[in-house]
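Copied over from TrEMBL, here are the features:
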type: DOMAIN; residues: 132-260; note: domain '3-oxo-5-alpha-steroid 4-dehydrogenase C-terminal'
type: TRANSMEM; residues: 16-35; note: transmembrane segment
type: TRANSMEM; residues: 55-79; note: transmembrane segment
type: TRANSMEM; residues: 85-104; note: transmembrane segment
type: TRANSMEM; residues: 124-142; note: transmembrane segment
type: TRANSMEM; residues: 148-166; note: transmembrane segment
Amino acid sequence: MRAPPLDPDDVEPESYVFYVENVILILAGTIYLLLSRIGLLSAKKRRPDCQHYQFPITIVEAWCIKNAVFLIGYPLAIIYSQSCMGRFTALLLFIDILLSFCWIPTEIFNCHHGVSLLEIFLRLVKNFFIAFVLITWSVYGAKDKELTYPQIFTTIVGLSLFFYGLRMKLVNYRPVAFFPYNDTQTWPGRPDFENATSPQLFGEAVQWIAFHMISGSYASFGYACYKFLIAYARAHLRHEWYLQNVPDYPKQRAMFIPRFV
């Protein structure tokens with residue numbers, strides 16, 4: 001018996017496009033984590049100075065270039081979103097990238113290490129795909145829902161965790177940017193680093209898990225999983241490097257979650 005024709009108006013965009021994007025992000029994060037655990041990836045080495053490259057680009061210039069797609073795309077998502085939920089989540093994304101542009105370049109502007117054009121291109125392609133996922137969901141996929149008391153509570157908790165994670169990410173960015181060491185083998189001395197090797201990565205994971213608590217979509221779930229897997233893998237690599245290369249590094253210090261793991 002032949003199935004009745006499918007009415008395009010009955011098909012939710014999340015049912016195919018966002019689901020595929022979700023799988024791609026989770027798969028990418030899982031592969032990165034597995035490669036780090038089996039030893040095929042290593043903690044990043046100290047970058048050469050700009051003069052080493054034919055087309056010298058500093059770390060701060062590279063950071064601004066690869067993240068420009070977010071700074072341009074998120075305001076467009078706010079303007080063209082078809083729902084209040086879409087505009088709200090796009091606004092959160094825009095606040096994150098705007099504060100990052102205000103804070104991070106000032107933290108690393110005096111670093112003269114260089115970045116290759118190939119690396120910038122690959123990171124730009126990755127960020128373009130992520131921006132496409134989040135922006136298309138905010139514009140076309142987000143739906144307004146009737147708020148219940150549990151949903152209001154979840155949103156309030158999610159917002160609190162979102163800005164907590166954002167703060168952790170920003171204030172601890174500079175020591176991570178100069179990792180593994182700069183001229184001398186030392187570890188960061190800021191308070192957050194006393195409880196974990198990678199508080200910046202922990203904050204980033206908390207931030208995007210909280211974002212999923214607020215939006216509750218395929219796109220946010222895939223992105224939260226991707227950020228958590230990448231952050232955990234990088235924290236593992238960084239922690240192992242410090243234990244092997246930094247004299248007297250505290251072995252009891254947590255790797256990722258402060259005072260825990």
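Note: Cβ is positioned from N, Cα and C throughout, glycine not excepted.
For the transmembrane segment (16-35), the residues of the chain that approach it from at least six positions outside its boundaries are 41, 129-130, 132-133, 136-137, 141, 217-219, 221-223, 225-230, 232-233, judged by C-beta separation under 8 angstroms.
Looking at 55-79, 85-104, 148-166, the range that has the most CB pairs within less than 8 A of the transmembrane segment (124-142) turns out to be 55-79.
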